[in-house]
Amino acid sequence: MSTGTVVQVIGAVVDVEFPQDAVPQVYDALKITGEGSCNGLVLEVQQQLGGGVVRTIAMGTSDGLRRGLEVVNSGSPISVPVGTATLGRIMNVLGDPIDEAGAIGEEERYVIHRSAPSYEEQSNTTELLETGIKVIDLVCPFAKGGKVGLFGGAGVGKTVNMMELINNIAKAHSGLSVFAGVGERTREGNDFYYEMKDSGVLDKVAMVYGQMNEPPGNRLRVALTGLTMAEKFRDEGRDVLLFVDNIYRYTLAGTEVSALLGRMPSAVGYQPTLAEEMGVLQERITSTKTGSITSVQAVYVPADDLTDPSPATTFAHLDATVVLSRQIASLGIYPAVDPLDSTSRQLDPLVVGQEHYDVANGVQTVLQRYKELKDIIAILGMDELSDEDKMTVSRARKIERFLSQPFHVAEVFTGSPGKYVSLKDTIRGFKGILSGEFDHIPEQAFYMVGSIDEAVEKANKKK
């Protein structure tokens, strides 16, 4: 183990000088030794500048760091605990416990920089994963072992949707989950921990947090820490759920690190290595012949612009995209999923079956027609429409309201109990609305209910 000294500190970027014959490799973890608040601070090598000097990024706060401090090279990249010992625990980017519940007591550690599985090892599956959320199961069904993105601007419900998915899938699926909190609010991490504890699934979840107040190096690597833990479970032959909230903060941390390292920015100020950094992470989130990783990633959309380079780069890697719309949220329809913008590779008659495909297609057709008629209604009013168009509008408004659903995780705010709707009930409900079976029921009855039977019951009560 070679030792060096700190020669320059600029914020989170630290230059360290080593003897010429013992220069650390890129991604090696270095540790600061000696007195003071920085004792034990981990640095990750990013560049070799020549002359024995390496440029590193600090994985913690660099307050109190000064020139001349001694640095020890660990000789390998950052490694984190893996295996069942991590379940029920909250860890940071280095795998250290931050839940005040003692040491992890792991039997094995993995380095966080690993290569993706080869083509021969990867498996292809078309098994569906039921979420219990009507709009998702109908329009953008998830595949087991697939990648899902929840796209949305600020405050349209990405985290609430993700919490509901964890609540529904983690409980029903009874598999293991890994939650990586990347650059999000500490309060949300705290809420998530107690939510899991109260629902009794804490012993099946490993949590890794690198919150908003952490330095960029920490936020850039915390997603890899969570992924490494999920990979271990997958390689043991288990089916794992990996939740990442929020993948945009991973990109943003990369932008900060890139700027600190002096790289020339690319479009909209993002790092020139954006596509490669995203690829390195996403290519590792895959299912092998041994086990599967099903990942759900929240993607913040800056200024609600889906063409922004960050969400646009993420799109390419996903099997299903759930787009949350501010317009739908403003109508009071939650989850605010846009059924016309959301997509899934699984929505294919060969995968979901002909009936499901036809119903989903019918719902989208009716909603699209209603969207086109909105301008005419705004100018001329409903009376000018043909009888057929009036029928379309009436059914579309019922469908819109029926796409809403009370969530278990939002019971505290809404006061109404959450509903889990099976795929069979979802298809039956929408098929009935499209066929005109429920034309006699007022549209208000479809708002915030679970299955179609509840809507009928609600309408009968109002009579």
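For all residues, glycine too, the Cβ spot is worked out from N, Cα and C.
So that you can see what the record holds, here are the features copied from Swiss-Prot:
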type: BINDING; residues: GLY152, GLY153, ALA154, GLY155, VAL156, GLY157, LYS158, THR159; note: ATP binding site
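Positions of Swiss-Prot features highlighted on the structure.
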residue : record           : contacts (Cβ under 8 Å, 6+ apart)
GLY152  : ATP binding site : LYS158, ALA298, VAL299, TYR300, VAL301, VAL323, LEU324, SER325, ALA336
GLY153  : ATP binding site : TYR300, VAL301, PRO302, ALA303, ASP304, LEU324, ARG326
ALA154  : ATP binding site : TYR300
GLY155  : ATP binding site : none
VAL156  : ATP binding site : LEU324, SER325, ARG326, ALA329, ALA336
GLY157  : ATP binding site : LEU324, ALA329, TYR334, PRO335, ALA336
THR159  : ATP binding site : GLU184, GLU188, ASP245, ALA298
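According to its DSSP assignment, THR159 (ATP binding site) is helical. When secondary structure is read from DSSP and collapsed to three states, ALA154 (ATP binding site) falls in the coil class.
Shown in sequence order, TYR300, LEU324 are the same-chain residues outside GLY152, GLY153, ALA154, GLY155, VAL156, GLY157, LYS158, THR159 whose Cβ sits within 8 Å of the Cβ centre of the ATP site.
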